[in-house]
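Per TrEMBL, these features apply:
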- 63: active site, for OMPdecase activity (ACT_SITE)
- 65: active site, for OMPdecase activity (ACT_SITE)
- 65: active site, proton donor (ACT_SITE)
- 68: active site, for OMPdecase activity (ACT_SITE)
- 13, 35, 63-72, 119, 184, 194, 214-215: substrate binding site (BINDING)
- 7-230: domain 'Orotidine 5'-phosphate decarboxylase' (DOMAIN)
Ligand SMILES: O=c1ccn([C@@H]2O[C@H](COP(=O)(O)O)[C@@H](O)[C@H]2O)c(=O)[nH]1
């Protein structure tokens with residue numbers, strides 16, 4: 001059965017393998033999954049995946065957010081699938097063909113997640129980027145549109161904020177995974193660069209399958225204590 005800690009994805013947003021190993025050893029058993037993003041992957045390369053695998057039985061999420069022509073995305077996702085990770089990301093943005101290529105490349109070995117609208121993006125950012133004001137400036141509409149493309153392309157789920165997760169689950173069903181970054185517990189109110197935030201409990205209550213929470217754990221005086229506290233908050237709403 002899924003426990004409260006299993007909802008937590010901890011991003012290894014760290015500059016070296018040594019530091020990543022320290023957090024892996026500290027937090028294994030307190031989180032459900034480790035996420036490898038651009039910083040660590042560029043520094044450590046694919047070898048980091050085996051390091052995580054050898055450390056225990058946490059899941060692995062490779063968050064490289066692919067965004068390229070379909071053939072390039074297909075070939076990159078094929079290589080990612082060979083690494084044996086649970087989830088990998090591709091941007092939804094404007095091309096359904098790119099999402100389909102990612103799903104084809106993953107070949108059922110890795111769950112492809114479409115990144116709908118980054119949680120660091122606000123409605124104002126969307127307008128400034130030139131999207132039509134009365135339609136795309138409504139972030140939820142844009143998230144739903146991109147989630148629809150991800151679902152139609154055969155993605156395992158999407159990345160969105162906890163603010164949009166409820167309508168996503170209502171429309172696309174329980175089996176379409178919703179992963180929510182932009183998580184800040186009530187006791188760590190620093191938004192940093194995140195714009196669309198919820199607490200861990202709010203996101204899970206609204207239907208998130210996983211929450212991604214980095215800095216409130218990584219930068220805490222006691223990262224294990226922070227992870228345990230977050231799991232307790234989640235447990236209270238399960
Ligand atoms: O929309 C998105 C997609 C991915 N992320 C990633 O999640 C973590 C969040 O870290 P915090 O320290 O908890 O802010 C980070 O690795 C991002 O690359 C996201 O924030 N939003």
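Note: Cβ is positioned from N, Cα and C throughout, glycine not excepted.
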Would you mind pulling the DSSP three-state label for residue 70 (substrate binding site)?
helix
In three-state terms from DSSP, label residue 65 (active site, for OMPdecase activity) for me.
strand
With respect to ligand 1, which members of the recorded positions 13, 64, 65 satisfy a Cβ distance under 6 angstroms to one of its atoms?
13
Cα distance (Å, whole number) from residue 119 (substrate binding site) to residue 65 (active site, for OMPdecase activity):
13
Please identify which of 13, 63, 68 has the densest Cβ environment, defined as other Cβ atoms within 10 Å, among these recorded positions.
63
Set of same-chain residues at least 6 away whose C-beta sits under 8 angstroms from residue 214 (substrate binding site):
10, 11, 13, 181
Can you tell me how far the Cα of residue 68 (active site, for OMPdecase activity) sits from the Cα of residue 119 (substrate binding site), in Å?
21
